[in-house]
Number of protein chains: 2
Amino acid sequence: MNRGYNFSAGPAAIPTEVLERAQEELLNWNGQGCSVMEFGHRTPEFGQLLEQTEADLRKLLHIPNHYRVLFMHGSASHQFAMVPMNFLAPDDTANYLEQAHWSKKAIQEAQNFGNIHVQQGFQQTEEGLAIVPESDWQLDEDGKYLHFTSNETIVGVQFKKEPKAFAGKLVCDMCSDILSRPIDIEQYALIYAGAQKNIGPSGMTVVIVREDLFEQMQTHRVPSLFQYPLMAQHKSLFNTPPSFGIYLASLVFEWLLERGGVETIEQLNQQKAQLLYDAIDASDFYHSPVAKDSRSMMNVAFTLSDPSLDSAFLLQAKEQGLLALKGHRDFGGMRASIYNAMPLEGAQALVDFMKEFERRA
Amino acid sequence: MNRGYNFSAGPAAIPTEVLERAQEELLNWNGQGCSVMEFGHRTPEFGQLLEQTEADLRKLLHIPNHYRVLFMHGSASHQFAMVPMNFLAPDDTANYLEQAHWSKKAIQEAQNFGNIHVQQGFQQTEEGLAIVPESDWQLDEDGKYLHFTSNETIVGVQFKKEPKAFAGKLVCDMCSDILSRPIDIEQYALIYAGAQKNIGPSGMTVVIVREDLFEQMQTHRVPSLFQYPLMAQHKSLFNTPPSFGIYLASLVFEWLLERGGVETIEQLNQQKAQLLYDAIDASDFYHSPVAKDSRSMMNVAFTLSDPSLDSAFLLQAKEQGLLALKGHRDFGGMRASIYNAMPLEGAQALVDFMKEFERRA
Ligand SMILES: Cc1ncc(COP(=O)(O)O)c(C=O)c1O
Ligand SMILES: Cc1ncc(COP(=O)(O)O)c(C=O)c1O
Ligand SMILES: [Mg+2]
Ligand SMILES: [Mg+2]
Ligand SMILES: [Mg+2]
Ligand SMILES: [Mg+2]
């Protein structure tokens with residue numbers, strides 16, 4: 001099989017052009033006579049790579065100067081602990097929206113480190129799963145922050161805009177939609193995103209955090225590598241960084257800038273999602289479990305009206321190079337993740353296959 | 001420049017054959033139609049890769065069944081916190097050998113999480129820097145473990161054998177000599193090693209830990225991803241693992257097995273080190289700061305008798321494809337790191353260059 005269209009939710013597709021570039025220079029990066037994986041992180045050349053990577057991300061997301069950008073080891077699940085460890089003094093409280101899978105994990109982890117006020121974020125409506133209207137939320141106004149997941153990867157539920165509550169004090173798990181559309185950074189205290197959807201390989205997490213918050217952050221029994229202020233002070237080089245991940249991210253950011261940045265890719269992402277949701281809505285054979293207003297542009301979940309056809313669907317899709325369409329084990333059905341790296345032709349190929357599969361069923 | 005001989009201390013050289021294999025399958029791994037970086041970690045195929053990787057490591061190091069092998073996010077500096085967080089209840093003490101650079105960092109970090117009894121591990125002798133004889137150590141017998149660094153990367157000081165004290169309760173930072181020689185696992189409670197010397201790219205750490213110790217481990221305010229028992233329970237898949245790092249490690253382990261394993265590579269490592277130390281000792285132009293019995297087989301530190309020639313040495317070496325010979329910023333001079341991936345020809349090329357440089361100086 002050649003490269004297929006990869007609908008994996010994560011680790012997810014990386015642009016083919018990026019992988020080709022990485023392949024070309026895998027044994028000899030930047031004329032250095034060795035791979036970027038084999039290269040000292042305290043060299044001027046790596047320093048320049050890191051600076052350029054940060055500059056490109058700042059450009060893509062219009063990150064103001066009073067926010068710091070950190071390239072951290074590990075993944076979003078580390079941040080589930082890191083956020084409350086840094087933000088919450090012993091008697092502090094934080095607000096968390098509960099939204100299906102990932103935010104539950106974030107809540108569970110946070111409860112080890114502080115008082116967590118939970119507000120239900122999702123509800124079942126006649127139209128399907130939906131975000132609870134903000135007017136119905138009851139938050140602890142003294143909370144240090146409000147944590148939410150901008151895009152719930154498992155079922156494909158996405159906020160269209162930032163919540164209005166806790167403006168400037170939002171903490172966001174943006175794993176599965178960062179860089180897919182413009183955001184208003186100033187609404188956030190902190191954003192984190194594991195790399196393996198729209199950034200690069202797993203094992204690295206990008207954090208964007210407002211610098212003036214450092215003053216109040218906790219350090220007692222917080223591992224050095226978990227302390228945001230210390231990481232910022234060392235410009236992500238407190239220790240050996242995940243250098244290959246940073247390198248891959250730099251290529252992905254470059255790729256995105258060459259294609260017009262986040263504003264342009266958003267339009268493409270809308271088109272891809274529209275193609276799929278239209279096909280799902282137009283047929284009784286396929287069904288979206290999510291209410292229209294809450295549907296994700298990144299993860300399109302759907303079920304077959306006859307679940308006994310699921311495995312045939314997956315098998316035939318794979319035969320046509322349409323990969324990793326199986327839904328999350330907690331949800332079942334199908335899920336087409338169409339992050340930035342998925343071209344329009346990939347979404348179209350899936351729609352064509354879905355129609356053909358229905359016709360023959 | 002083509003690929004040079006890379007003497008970097010870390011991130012360090014990876015076998016060329018391994019990088020060539022990774023290059024070949026970078027866009028399409030295992031016939032899956034996508035890169036291993038883009039591949040779901042809960043798939044049977046990735047599960048098999050992970051299993052094989054562990055099995056190969058067990059084979060290489062003769063790891064008994066009552067030890068668990070974990071592939072963890074992050075690096076050794078994470079373990080500096082993780083070890084005391086897991087092992088030390090509030091009033092517990094641990095012993096740490098202080099050995100130059102890295103162990104000081106380990107001690108500093110550990111002091112945030114427990115009572116740390118420090119024993120000086122290095123001393124200056126007439127012959128140079130040396131390990132303090134074990135008969136002179138004063139340890140806290142009630143300590144939960146004894147932490148030491150088997151190979152101090154910065155100055156190239158290596159234990160020839162495990163300490164006799166705290167047998168079975170040793171905790172070892174084995175970053176820079178794991179897999180370079182056989183070890184007696186049963187002497188250890190826990191071994192950790194960041195990948196970027198003898199295993200693969202940075203951002204992953206291998207932990208080998210005796211399973212019966214899990215029972216007594218702490219969980220209060222310990223992040224889930226820092227809890228060894230939880231990681232073991234989830235077989236390194238508590239969350240998305242650093243999958244590309246695991247993949248690269250699997251290739252490195254395979255490469256090593258094909259070459260006769262750790263027993264064979266040890267002999268090669270001895271030869272390489274001998275070549276270099278002999279050249280250093282044979283000349284007044286070069287000098288080793290380390291006493292003979294304490295010299296490292298992995299990191300050969302040396303100085304030029306005339307330090308004003310340092311930059312010419314480095315420049316001319318680089319021109320001949322002998323890369324990254326600059327000593328650590330805290331030590332100065334030169335350091336030739338000759339981990340497993342360095343072929344004998346690389347060490348020979350460096351010796352030849354050293355002689356030629358001396359002749360012309
Ligand atoms: C929204 C979201 N948050 C958190 C995570 C957890 O990420 P990790 O497994 O890298 O810790 C995921 C993983 O897919 C996710 O989609
Ligand atoms: C012996 C030893 N311990 C610890 C470390 C720290 O590793 P890291 O920077 O990956 O945290 C190093 C790094 O070179 C090392 O050589
Ligand atoms: Mg997911
Ligand atoms: Mg329908
Ligand atoms: Mg080092
Ligand atoms: Mg000499």
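Just so you know, glycine gets a Cβ as well, placed from its N, Cα and C.
Site annotation (TrEMBL): pyridoxal 5'-phosphate is bound by A:Ala76, A:Ser77, A:Thr153, A:Asp173, A:Gln196, A:Asn239, A:Thr240, and the candidate from A:Trp102, A:Trp137 recorded at this site is A:Trp102. In this structure, the recorded positions A:Arg42, A:Lys197 were compared by how many other Cβ atoms lie within 10 Å of their Cβ, and the smallest count belongs to A:Arg42. Long-range Cβ proximity for A:Ala76 (pyridoxal 5'-phosphate binding site), meaning a same-chain Cβ under 8 A and a gap of 6 or more residues, is found for A:Trp102, A:Asp173, A:Cys175, A:Tyr192, A:Ala193, A:Gly194, A:Thr205.
All chains included, 19 other C-beta atoms sit within 10 angstroms of the C-beta of A:Trp102 (pyridoxal 5'-phosphate binding site).
Residues from the set of recorded positions A:Trp102, A:Thr153, A:Asp173, A:Lys197 situated with their C-beta under 8 Å of a chain B C-beta: none. Ligand 2 lies under 6 Å from the Cβ of A:Asn239, A:Thr240, out of the binding-site residues A:Trp102, A:Gln196, A:Asn239, A:Thr240. In this view, A:Thr153 (pyridoxal 5'-phosphate binding site) is surrounded by 26 other Cβ atoms within 10 Å of its Cβ, with every protein chain counted.
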